[in-house]
Amino acid sequence: MSAHATTYVPKSRLAKWFESRLPIVGLVHSSFVAFPVPRNLNYFWTFGAILIAMLASQIITGVWLAMHYEPSATAAFNSVEHIMRDVNYGWLLRYAHANGASMFFVAVYVHIFRNLYYGSYKAPREVLYILGVIIYLLMMATAFLGYTLPWGQMSFWGATVITNILAAIPVVGDTIQSLLWGGYSVGNPTINRFFSLHYLLPFMIAGVVVLHVWALHVTGQNNPTGIPIKSGKDAVPFTPYATIKDVFATVVFMILFAWFIFYQPNYLGHADNYVPANPAVTPAHIVPEWYFLPFYAILRAVPDKLGGVILMFGAVLILAFAPWLDTSRVRSCNYRPIYRQFFWVFLIVCVVLGWLGAKPPEGGYVLAARICTAYYFAHFLIVMPLVGLFETPKALPGSILESVTGPGKQVSGSGLPTGAAAAPTTKG
Amino acid sequence: MKATRLLAASLLAVLLGTAAASAEDAHGSPQPPRVKWSFAGVFGKFDQAQLQRGFQVYKEVCSSCHSMKLVSFRNLAEPGGPDYSAGQVRALAATYQVKDGPNDAGEMFERPGRAADTFPPPFPNDQAAASANGGKAPPDFSVLAKARTFERGFPWFVFDALPFMGYSEQGVDYIHALLNGYEDPSEGKEVPAGTYYNTYYPGHLIAMPKPLSDGQVTYAKNDKGEPVVPETVDQYSRDVAAFMAWAAEPHLEARKALGFRVILFLILLSGLLYYVKKRVWADVGGEVHGLQPELHKTY
């Protein structure tokens, strides 16, 4: 980041003194004020800001919850209830944290599917994109660890199922399992470890987010046309244009978040997790949180344990290969008439997999999960490479500006306000 | 293009067909009827008289087997609850004997309860509770209303999350239904000793005998000496289920009241931000100054 040129000019003597020693104000200025943003971005591009807001919310509520929580097999459940009953606004902290995890995943799924639709993963944004996949993996680990902490029935049995899955990994599986358990089964050492890791991983996420944003500011943002910024006319400065749009979208997203916190706080959870963990009683259905359901369906679709584990992790890791599996020269699905339809089929298949993940693994559900699992991988391994080769994309606009104002039109006569150039938008 | 649409449609048809084929089974229990609770919805508030009646049912009937370890006597006097006075709560607590200690002589002793104590459990430990109740300890009441639910199925579970249609009282409805669900078993159904037939219990064989019967609990009368509500199983079960909803979620009223203000604020703020955003973007015309094309060197 430090290699960036910046238009920031320190004015006061203190600012000059500081900037010549640590040019961090200039760095922030070039990244969040003067940074050129394609002018045609739609609201799907506000989810990066929403995700940062959610990460901040999770870390703040989580740090406060940790002040009252006791990570032990005998005390965890009651300490969560102590937070709900006796800590001032403890119910708000806990519901905000539990539902915050779900909202974090809502936002990340919109972000991921936006990326897939507009081909944002393609060159030159491969590293940016892979960092995103790493953040997604870390989020999944963090969410899983966090869900075990209330030490209810679903916490305990979820932890048991997932750690047993890891034991299927050849050679190192057993070692990983005993390291996570800290004993011969899920128990008190396990919850201690999980709490420690649950507190660690969000800061690792924050670190990778810094890299993600850094990589974004090297390549610039993709946009609905998928064509790069060619001149100043294609872009607006980040501040105030993207800033105000991001703030507006984040506040709208917070309405959804608040609805769940205040009116449906347990909708996205499981009633079974209000039953204290009992190693002697297995719940009727062990079901993970909604955001893991597609992967859970894939895991159970495979009759072989190791095979299920490979496909489940493969389903996430295959995302990282999308930049090389997709052979199309055109990024955005807006100009890819055939692939666009496959995109929607893929989205539906993911939703159906999620629904199947919540169903018992029997009869027609298993068959449906197998068909969907096969399609999930076929999308990446067959559809992505082949459609790119055979599809004839629609004609791309000449520039981002042209996609906004229509082809061949002059900027000044395009119905946009005259005097725009004189408007005081450029003081940054 | 047609081919892919056809592919998508047939894929979907196969999936829904196979899934529907297996969705038929495993629906042994009818859905609990939906009760109109005073605490449901955006402006929901507990009915304090109902909570007091429910507490009476708990105290006189349920508490002989079911503990409520996470609820303290003082909670009964806190806002948004049954609204007993602090004096009533102190007097109530004093009627219980609470184990305390060890004292300076190293001995455990019993003393009258205080408002800060939690409800003493009916059995000294889970094993004693289990052995006195056919091998399984009766569940604790503290969060039971949130720990029970029933499957709503598609598409109802989607509607349940929405404003104006929201439904989050499944657990309370289940408890109310269960208490009214003791019936004669359907033809040919064996009911082993120590179990009872209940329409709403998953699997129908419940270890708890029918706990409530009409007229069992005598409610306080009004000034004219008339009963305020009927003394029936249906009324008892509504009252005790509402009480359990409060015990599981004692800050429900504060939550809903704060939520209304928060969401109203967010809606107003987003409205204002929308117009600020429109105003800012209205300026976007031709060449925008202050850009740094050199930041895009990779292109």
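Note: Cβ is positioned from N, Cα and C throughout, glycine not excepted.
As written in TrEMBL, here are the features:
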type	residues	note
BINDING	A:HIS97, A:HIS198	heme b b562 binding site
BINDING	A:HIS111, A:HIS212	heme b b566 binding site
DOMAIN	A:14-225	domain 'Cytochrome b/b6 N-terminal region profile'
DOMAIN	A:228-398	domain 'Cytochrome b/b6 C-terminal region profile'
REGION	A:406-428	region 'Disordered'
TRANSMEM	A:43-67	transmembrane segment
TRANSMEM	A:92-112	transmembrane segment
TRANSMEM	A:127-149	transmembrane segment
TRANSMEM	A:156-176	transmembrane segment
TRANSMEM	A:196-217	transmembrane segment
TRANSMEM	A:238-262	transmembrane segment
TRANSMEM	A:306-325	transmembrane segment
TRANSMEM	A:337-358	transmembrane segment
TRANSMEM	A:364-390	transmembrane segment
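Within the same chain, residues 83, 93-94, 96-97, 100-101, 103-104, 107-108, 110-111, 114, 117-118, 146, 199, 202-203, 205-206, 209, 216, 221, 223, 245-250, 253-254 sit at least 6 positions outside the transmembrane segment (A:43-67) and bring their C-beta atoms closer than 8 Å to a C-beta of that stretch. Beyond its flanks by at least six residues, the transmembrane segment (A:92-112) meets 44, 47-48, 50-51, 54-55, 57-58, 61-62, 64-65, 80, 83-84, 132, 135-136, 139, 143, 146-147, 253, 256-257, 260-262, 265, 268-269, 289-291, 319 of its own chain at Cβ-Cβ distances under 8 Å. Cα spacing between A:HIS198 (heme b b562 binding site) and A:HIS111 (heme b b566 binding site): 23 Å, rounded to the nearest whole number. Long-range contacts of the transmembrane segment (A:156-176) within the same chain: residues 144, 147-148, 185-186, 190, 194, 277-279, 282-283, 286, 288, 299, 305-306, 308-309, 312, each at least 6 residues beyond the stretch ends and with a Cβ under 8 Å from a Cβ of the stretch. Around the Cβ of A:HIS212 (heme b b566 binding site), 22 further Cβ atoms fall within 10 Å across all displayed protein chains. With respect to their backbone Cα atoms, A:HIS111 (heme b b566 binding site) and A:HIS97 (heme b b562 binding site) stand 20 Å from each other. For the transmembrane segment (A:196-217), the list of distant contacts is 1, 4, 30-31, 35, 48, 52, 55, 58-59, 62, 66, 71, 125, 127-128, 131-132, 134-135, 138-139, 141-142, 145-146, 149: same-chain residues at least six beyond its ends, Cβ to Cβ under 8 Å.
When pLDDT is averaged over the domain 'Cytochrome b/b6 C-terminal region profile' (A:228-398), the result is 95. Its own atom aside, the Cβ of A:HIS97 (heme b b562 binding site) has 20 Cβ atoms within 10 angstroms in the protein chains shown. Other C-beta atoms found within 10 angstroms of the C-beta of A:HIS198 (heme b b562 binding site) number 22, with every protein chain shown included.
A separation of roughly 24 Å, to the nearest angstrom, links the Cα atoms of A:HIS212 (heme b b566 binding site) and A:HIS97 (heme b b562 binding site). Residue density at A:HIS111 (heme b b566 binding site): 20 other Cβ atoms are found within 10 A of its Cβ, drawing on all protein chains shown.
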